[in-house]
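First the structure, in the form of structure tokens, and then the observations on it.
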Amino acid sequence: MASFVQLTDDEYDEIVVDDGPDNDDGVEEPKADDDVEEPNVGMTFSSEEEVRSYYMKYAKHKGFGVRKRNSRQSEDERVRWFTLVCARQGTAKSQASNILKPRQTKRVGCKARVNAVLNEDGGYTLSSVILDHTHYCSPGKARHFRCFKKLDARVAKRLEINDEAGIRTSKTFQSVIVEVGGGGEFFYAIDVGPDMRLKNVFWADARSRAAYQSFGDVITFDTTYLTNAYKMPFAPFVGVNHHGQSILFGCGLISNEDANTFEWLFESWLKCMNDRPPNTIITDQDKAMKLAIASVIPSSRHRFCLWHIMKKLPEKFGSHSRYDEIKDSLHKCVYDSLSENEFEERWAFLIETNDLRDNAWLGLLYTDRQFWVPAYVKNTFWSMNAFFDDYVHSRTTLKEFVDQYDSALWRKAENEAIADFNSFNTEIPCISHYPIEKQFQEIYTISKFKEVQEEFRGFLYLTISYLGGDGAGHTFIVGDEIKVSDGCIKRVNYFVCVYGENPLDITCTCKLFEFRVILCRHALRILAQLDKGEVPPKNILDRWRKDTKRHYVNVKSSYEATSNPERQRFDRIQNCFYKLCSNAAKTERNCVKLIGQLE
């Protein structure tokens, strides 16, 4: 009697085969259409494994994952027929405890599949084939599907041996990375003193320079990484990519932190980027940096890092008898002030209540308030992330820095490739029926759609009233409930203005779109109420889109896999010798025999 096996959603087995080396650089290389023959009804194979191997190879070539959907066995336990489907087949059943926070899913109901039946010769014949997918396929990103992930046998053995020897995984990982290293292009500038000794150096690889063309609107410049052995601050230029991840635009090692040194570094960096200054730059609160930026890139809006400023509170007031009160008042001043006037009132209260009129640090902060207070800078896009925090710190030596630099760049590039893959091959279900939410879901990366969806969740706290208008535009009052730093709820009214019709223009006094380039809940709510099926084009940012082709991903770097033919041949030979060694190591006799044959 035949038995029928229907796999549940939680039991789908993704097939794992070692399909040889993949295109590890994430670049979608052009491939001839006849590299892998398309499956068609009537194709025959000698075994079930041959069907799987063929369809896996085809799937990897086309850029989709594979899993076994169902099968039927006969009484002699032979598989009568089985189905291999696209990894995005089926529909997801949400297991999220909060329906307003649905979980990420890769299931989109894709119908692509092949069905194989046992034939008279004991092999298998394809009885049905569906080629079309309901989603985008990416050959360059196929390696990220779980079905294609398998450690090289040689690497797996090394991990096992090192684990037994107590060698940390991070050290093992570093040795694996070193093996796949290659060459890259660099722009560099060197500053030497009269005695011809090195003073300062700046460099940026080709990938960093290309990435700046896509994400050079805002950068962070950070000198808080210090290599103590040589007293040379390490200063990276960092931006934010389409996933909100940090991305590197160049690095400097400098011997001094005065205005002249910073001017040299900014000039070198600007030359590297073809004299294209960023819209905004974020730095630590430093007088020398402020002077250098005003001199070299005066058109860029300069802001101090708020986190660095607030981190100094214990240093400045830790011994003060009213430290807790000062800290609480300053936090409310900075984070709860929604307008410049509100900040001014809270600041005056902070100074008077705690008798801080003569405090030099607070006096300087107030003078520079337009450089760091959110109420003053929210009309400009600012975004920042640390790049080297997990790799370089204040105790890192130059030798360690060199070792960690490429590892950091490789890991960041790999994280971006994985995020790209997830954005194309998974999705967050919509929480509303509004077409404008669906529009963001289809074109924004996963991380940015999550931010947009947070604004849709905020609809729960909004009230709307119509203020008035004319033929040119209309104004709405949107009431919102804001949770402030002490946990209390603050009721705030914002004004949303709608102008024109085609194209539509919408603005809100909360300035979230200007500050984070994410459309706010107030504007989205008005668009939904007006039954607008699409978001105005200016409010869909190319920098957050997942479907934009960005040229920098095609640029090879020193930390990516080598294309050296000799190295590739060496790896192939080494893999073959590994299999010999693995078998010979099982017994002393085989070990001695192999060594003798090699000698």
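Note: Cβ is positioned from N, Cα and C throughout, glycine not excepted.
Note that the coordinates shown come from a computational prediction; the quantities given were computed from them, not determined experimentally.
Within the set 1-38, 39-76, 305-342, the record from TrEMBL flags 1-38 under the feature region 'Disordered'. Per-residue pLDDT, averaged over the domain 'SWIM-type' (494-531), rounds to 92. According to DSSP, the domain 'SWIM-type' (494-531) comprises 14 helix, 10 strand, 14 coil.
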